[in-house]
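*Asks:* Here's the feature list from Swiss-Prot:
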ACT_SITE  C79  active site, nucleophile
ACT_SITE  H183  active site
ACT_SITE  E185  active site
DOMAIN    3-202  domain 'Glutamine amidotransferase type-1'
Amino acid sequence: MKRIVIIDYGLGNLRSVQKGLEHAGASPAISGNPEEILAADGIILPGVGAFIDAMKCLVPLKKTIAEFAESGKPMLGICLGQQVLMSSSEEGRLTDGLDLIQGRVLRFPKSELKVPQMGWNNIRVKQDHPLFKGIPDGSFVYFVHSYYVDTAAENTLASCEYGLEYAASVVNSKGNVMGTQFHPEKSGATGLKILRNFVEMC
């Protein structure tokens, strides 16, 4: 069985992601050990909270995560885990991210829409990629976030409309580093299919 490691860096609802992967047919481990991370067939970077706190917690693992990404093996960031894959964030103060995918994390502009975006919204699939195999355009997934990813079209796997169009899912140029702003582990059958697709990529 493929070895998938959920990275434990002090932030994130690890158990819900673990349960989601188990429902997708995997037996994931939770670890913050660099050797275990590098030995994995695939890794998941979860995250709930503030960008600046996440980057502080990730300092001991930055080199490990960069090395894993360079290896070409699949990596998936979820929610805040997608945001930290980017170059920078304006949350709190301008803070550098892991810079595995070029782009910025920005606050939703003031509008009549409530921030954070919390609940179900539909996504538009923008690229033919294994992560979205069998996912119909317009599928609904579950979001909870106040900041969004602004990145180039070639890095956008799926988009979402919430006052503006933003990257609901991202990918690097190699195709192995991916992120979802939504929570696949909370997105019903659609999210389960996305997690299964990730497991199949590993």
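Glycine residues also receive a Cβ, built from the backbone N, Cα and C atoms like all the rest.
Thinking about packing and proximity, how do these listed features fit into the structure?
*Replies:* Following the DSSP three-state reduction, the secondary structure of C79 (active site, nucleophile) is coil.
Annotation note: H183 (active site) sits in a coil segment as assigned by DSSP. Its Cβ taken as reference, H183 (active site) is surrounded by 21 other Cβ atoms within 10 Å in the chains shown.
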*Asks:* Compute the C-alpha separation of C79 (active site, nucleophile) from H183 (active site), stating it in Å without decimals.
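*Replies:* It is 6 Å, counting Cα to Cα.
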*Asks:* Give, as a single whole number between 0 and 100, the mean pLDDT over the domain 'Glutamine amidotransferase type-1' (3-202).
*Replies:* 95
